[in-house]
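The structure appears below as structure tokens.
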């Protein structure tokens, strides 16, 4: 914005709507300027020091209120200024009008280079612009009508005068008629001049109307962009200041031979709700344990006479862990697809949709398919089973702490598919299902059902022929914070091994999508996961370290400790949630000396690490196929015999996968309207005598899942949906009469 287009005013202003003498005047500047004194004559330093506000005079409206008052209107803001006298007010108005005219000229000089921009301004400004252009067009139509009338009546008058001139009349009357004729001729000449001027104005207005509209849009977009950029810079500057202040507490020269990790922090998950503290820009807390790699024989000699140590025979107890990540993928009798149509290159500004949704639940924001990937949330939930071989391997563990290592690796592996997956999965329709019948190659059967729409909740059950079963009900809670989106899966995940009876329970961490306003979108995982074996009371504490600008740690790092029911550490876990996980057996543990801040860490002496899990490489051309993994590419593949509510049969999702996004958006609106109609019918059926106090409770009371039922979880004390059976029997018989028509 040029300095001419952003004149500074150093007068006192009153808030719009306040009376002349009532209320406290808000000081807008530190000093007054005389009308003869141009702000542009001052240097930038003085301008910044003496002024607090700016007004774009090229689009401002200047008006008078009373003898000394001036009203400036700029967009939705009104400024009431008061001069010292009526003469002073007139000088100010003259100076402001001259400055405005000069600013408009400067803006018009550069407007031709701005180009046509399809990005819309704010709805209020756009409506006001269209209203102004409409009024101008009406006025031009009026001028054109007057032009036609003047020409018509002028010609008629000339004809009448010509006829009168041909009549035989007395000489005195002839002189008067001659005078009238001369005046009519002058009127005709004047009218023709006015008609020509109106015609020229009409042509000029038509030529420049598009130029004016483009210039107004350009200035408005520049102002909005500048405001957003300044807000973004202010947030980043605040984060950098907080990080700088916390920097002295960090270790000065950490040893490269140590592998550092951290356990649960006292803040817990409630820190996610602290919107004044952006955890992903802050410095990490001091690590709470240190691991040192040692040799087995050397450590055995040290452990013989020491107290407070724990040593385990590393060579004999870990044959199951050896090569746990090297299990080959099963071969399927059915040929699965290895690619899908490439993602179309459609550009759409996410911020243009999300900027009015700050603080809202993400599932309640209507969004086009342009921000989706062609998979539903049920399919994304099933995708967690990609590294099921870790659980197949864990079945054969004789040691519960060994088994815990593999379960922990499995829980981390479920995030590996999210590192590039910034697109949003489709919200399932209420009653939508998804099955994964892969007994032949994966040895498991999986079933998901959407059991609630608000809040969105999905129930999941997996049975493996290798001797384990997994079930969960996950409710997705998501908030748009303006700069990032937080996605918080709520609900417990249960895993049970039939042979040993070991029953593990854990919860998912928080996912965050960054750079919603500006920059490249990227995703991060953060928070703490505690895995508990409710049979043996073994525990694993996992810490997902959020990304920090100033952290010395590798990005996406995960650390953890596996301990038994007595609290004795057996394994230390380390790795990253997008690549691999390793475990190291603890041979010796001892407290370290207190640090300068008084905190004490535990030092674990461990054997060399063993690989638990390593991510499969992505398929060829994955960057053009939504970064889908090999399993994800097969999830939406058409299969015969599935339930009519299966996600594979969802029409908008199928159209999007084929690249027909416009048709997919139309179909998505149809499905959403159909679901809203079904919801209204259910709520109406929930009579006034019902005990439901809210719409969510009414909906939950009115809707009953088809394949799952609510039960009290004895381990967590929460109500959760668990599989009640019947789906695979119905599939075998191909009897789907009970399924609702949701598509």
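Even glycines carry a Cβ here, placed using N, Cα and C.
As annotated by TrEMBL, region 'Disordered' applies to 1-45 (among others).
According to TrEMBL, the feature compositional bias 'Basic and acidic residues' maps to 34-44.
Residue counts for the domain 'PH' (70-101) under DSSP, helix first, then strand, then coil, are 16 helix, 11 strand, 5 coil. Under the heading domain 'PH', TrEMBL lists 70-101.
What TrEMBL lists as region 'Disordered' is 109-128 (among others).
Annotated coiled coil per TrEMBL: 216-243, in sequence order. For the coiled coil (216-243), the model's average pLDDT works out to 74.
The feature region 'Disordered' is assigned by TrEMBL to 244-274 (among others).
Residues 340-344, 346, 368-370, 372, 374-376, 378-379, 426, 428-429, 431-435, 706, 727, 730-731, 734, 736, 739-743 of the same chain lie 6+ residues outside the region 'Disordered' (640-669) yet bring a C-beta within less than 8 angstroms of a C-beta in it. Look at TrEMBL and you will find 640-669 (among others) tagged as region 'Disordered'.
Across the region 'Disordered' (640-669), DSSP classifies residues as 19 helix, 1 strand, 10 coil.
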